[in-house]
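Record features (TrEMBL):
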TRANSMEM  A:35-60  transmembrane segment
TRANSMEM  A:80-101  transmembrane segment
TRANSMEM  A:113-133  transmembrane segment
TRANSMEM  A:160-182  transmembrane segment
TRANSMEM  A:221-240  transmembrane segment
TRANSMEM  A:260-279  transmembrane segment
TRANSMEM  A:300-322  transmembrane segment
TRANSMEM  A:342-360  transmembrane segment
TRANSMEM  A:367-392  transmembrane segment
TRANSMEM  A:412-433  transmembrane segment
Amino acid sequence: MQVTSSVREPLITGGKTLKDVTHDVSRQVEGKPTLGWILGLLVAVGTLLLGSLALVATLWEGIGMWGLNKTIGWAWDITNFVWWVGIGHAGTLISAVLLLFRQKWRMAINRAAEAMTIFAVICAAMFPVIHMGRPWLGAYWALPLPNTFGSLWVNFNSPLLWDVFAISTYFSVSLVFWYIGLIPDFATIRDRATGLRKTIYGALSFGWDGAAKTWSRYESVALILAGLATPLVLSVHTIVSFDFATSVIPGWHTTIFPPYFVAGAIFSGFAMVLTLMIITRKVFKLEDYITIGHIELMNIVIIITGSIVGIAYITEFFIAWYSGVAAEQYAFMNRAFGPYAWAYWSMMTCNVISPQLFWFKKIRTSIVATFALSIVVNIGMWFERFVIIVTSLHRDYLPSSWAMFYPTLSDVGVYLFTFGLFFTLFLLFAKFFPVINMAEVKSIVKSSSEKVNK
Amino acid sequence: MERDKNFVLGVFEDEDVLLEAVAKVRGSGVKIHEVYSPFPVHGLDEELGYKRSKLPIAAFLFGMLGTCLALTMQFYMMKIDWPMIIGGKDHAGLPNFIPVTFELTVLLAAFGMVGVFMITSNLKPWAQPRIFDLRITDDKHVMAIDLATNAAVGEAQIGDILKSCGASEVNKKSFE
């Protein structure tokens, strides 16, 4: 039984066999690191070390090192937090939601996208922890631990606490989902290796033997995990948006926030997946697995979610006017035409206008254009969070306390630190872990490769 | 002859040939020990007569446990142990407890199910798997037939059946 289709493009090009899949993916795990990888790692670790100066300064001196003032209590810290969490969402969307929809094109990209999710969530989680100022006490503020204050518990009515549970559950479940998928591929590397590598990958592969019984269970586990991860990923950014939406700050207090944040998260996440994948496929010569077709499909997701985000921006504006609430109307006019107009219009251009270029097939199938636009989208989404947070706070109810936010070196440094951390982790992953899910890709070699379609 | 020691292995290149071979081998009265594949072959578990995995039930039960624990914890802490009026609202507002309850339900369901999967499938870092053929994790499907349980059929005949079903190689493998 061979499925041939004259309509669908092959998912794997170059007439690959099962053996080729094993070879092409295991190659970079087994070979010596390339010069490009070493240079990349040096830059990433350098950024990490440079940024850690700011991190240490913040931890030592306190968050007075940042540009926050009594009007603007959240700025880069929470902007970066929401931005990184948002980026994480694409990984779960690809691995869980596309699994439920039986989208086979996910198979070549899900491994790296999930890795991106995990690393992005680590970077994100850093910000709420350090913005507490004294993070060593944070466990008592964030977790329901018995304490010496007569067991004064954490407040379960607060969205900030829901966030703690949402982010930590999201991280743990994503990690487990990712690792379950890695087990059969570690076994593949184990069976090709000798000596120390065999021992290490042997332990990592948990004694996987490829038995039909285990595969059958594995498939049920993957399906149920996907079913659990789908509402989970939607809940995470919903709860992140509650951090704002449940407060009474004009510009934050809107019911549109949950769907608007989720769409924005998927939008920025796919942009980051594209940024990483375009480099990965080139460096590791995986163009036959991550094809132009994959890039085009991801670009289509970007047009859709970008348009949803655009509609959300317009809706917010309309509802602010329609509500008749003067403070709400002022908040939005101030966003678009006040002192932060430059940030607002950067956001509008990057997130709403530029992704519309993907309506042209030439642009959405061009690697250079996709790479450039993926970075534009990431910049735009950072500005979105900055606009929502800072412009809503900087002119509050009392004009005498109006202020502007100016980032300090520590603000920039801590953000740099997370970039260093993210790319260090991603580069280590790309070298030592199979970047493509070999087992899953092998299962579609017969039905979706170029060879069969011819 | 001792059970679970000496095996005849049929090596298959193609998953569709393998699926038909499983049906034919079982039809000819030979008991299959297990089939090993580099990737999940859809329908193989049904051909081998395996029952559907009960892992979803485990996930459901662990999920319910998570729901109960989360609600108990929140009601105990907010209502019984240290009642606090926040914003003039009831200290035990159920809607406010839903997000944390949902998260803990998902967390326990996922970890519980994966834990059960690891235990039932004997997946652990120090596990020493029996490798029938190193190519199983690369590009070959291997059907293992225990000689002891099929003593009545005999080794030569099993080999013939495997060949006739499309096995590209028939090998013997013994474990200590």
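Cβ atoms are placed via backbone N, Cα and C, with glycine included.
All TrEMBL annotations are machine predictions without curation.
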Stretch in A:35-60, A:80-101, A:160-182, A:342-360 most in contact with the transmembrane segment (A:367-392), if contact is a CB pair under 8 A: A:342-360
Contacting positions for the transmembrane segment (A:342-360) when only residues 6+ beyond its ends and CB under 8 Å are counted: 264, 267, 299-300, 302-303, 306-307, 309-310, 313, 335-336, 369, 373, 376-377, 379-381, 383-384, 386-387, 390-391
Seg_contact(the transmembrane segment (A:221-240), the transmembrane segment (A:80-101)) with at least 3 CB pairs under 8 angstroms, min sep 6: yes
Listed stretch, out of A:35-60, A:260-279, A:412-433, that has the most CB pairs under 8 angstroms to the transmembrane segment (A:80-101): A:260-279
Per Cβ pairs under 8 Å, the stretch of A:35-60, A:113-133, A:260-279 packing most closely against the transmembrane segment (A:412-433): A:35-60
Outside the transmembrane segment (A:35-60), six or more residues from its ends: residues with CB under 8 Å to it: 66, 130, 135, 283, 409-421, 423-424, 427-428, 430-431
